[in-house]
């Protein structure tokens, strides 16, 4: 994954006196931004009118559908968000805009996490309202706490008082809070990203200071990551081998593994939206593979393999993942008929591969593992490989090259750049440590013959053949 976070550090600050002068962008002013904002806003209104999209509001019944807009409007909308952000910063002023982030960023996340964790969403009827006392009783928290949490949420258009200015007003949904009921996957996203990542991200500075101050390179050692400081050996929040072990084992009784189940579901939905099914079906000449045995490593609940098994009835597919993924495999999504050819085998892909197969498949697995770990995973295949066995890697291309970054809206770039912060906090590496599959497979074992190493759109396709 490539470099796309541009440093603003000057050559003088870096101790370089003969560095070439970098090109500078045109000055941005409040007046210029406001004028452009009006122009871009009118363009969006025109697009919505042309495609019969109702004017979005904060009413709970509102459910905007921007999917009807032409594909090019995705970038246009993010460019509009850039303008809105710039106007916000410039209207506040440099100092106040920084102060606002310092005061509000953590509170924004914490409030959303609290509302989600205690399920405020279902307490208030979509077409009704509730009092502070009724809400407090339903979520089993002191009313005093609820009266502090909800007003902050109001400022972010999450719930609202029925009567503005009345301290005793009843509370109702807005479109933002109602979305948490209409689309339950949003709850999973909040669980995974805020409840799961807030702790490690909040101590990233301490981890960098303790383990990497004055050093030139990261070590990729879990014990030196923020996650490791909290959850690894001697960690105050438990002892887990790594982030995935935590996902797999967190919780007790029926709750054990709930985070892993959420992760499986979120990945399934994300891949649906990104067209991952067609990418998998077109990644290989599956019909030409004949009666092949396919091992899908890190295959979660096996849902991705359903269209593959349906379209190519000669394939026998073995889904491998941690034990907590088996309930997803058994949830009825895969028919009994298909299960004659699609099975589940609990397996940790860092341990030696127990199955001899024709094709080993890694779908959207490697993008958040370090290069060192990827090499270990590949090496674990070797004991089972027969000459001619193939390894197919399909992965997300989350890096953005410098040329694309130069023209991409900053609001859109955030989705790519935030991955580096997350992986740095959880795994001790960044997506900037480019994952060149050819190099990684050769580092694992030079008996791999590289057949393909391609990038198309948001997907990377790699194929190697074992010549041992």
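Glycine is no exception: its Cβ is also placed from the backbone N, Cα and C atoms.
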Same S-adenosyl-L-methionine site per Swiss-Prot - residue from 248, 250, 262, 321 joining 298, 299, 348, 349, 363: 321
Cα-Cα distance, maximum over 298, 299, 321, 348, 349, 363, record's S-adenosyl-L-methionine binders, Å: 15
Residue 321 (S-adenosyl-L-methionine binding site) CB neighbourhood, other CB atoms within 10 A: 27
Among 298, 299, 348, 349, 363, the most crowded of the binding-site residues [Cβ within 10 Å]: 299
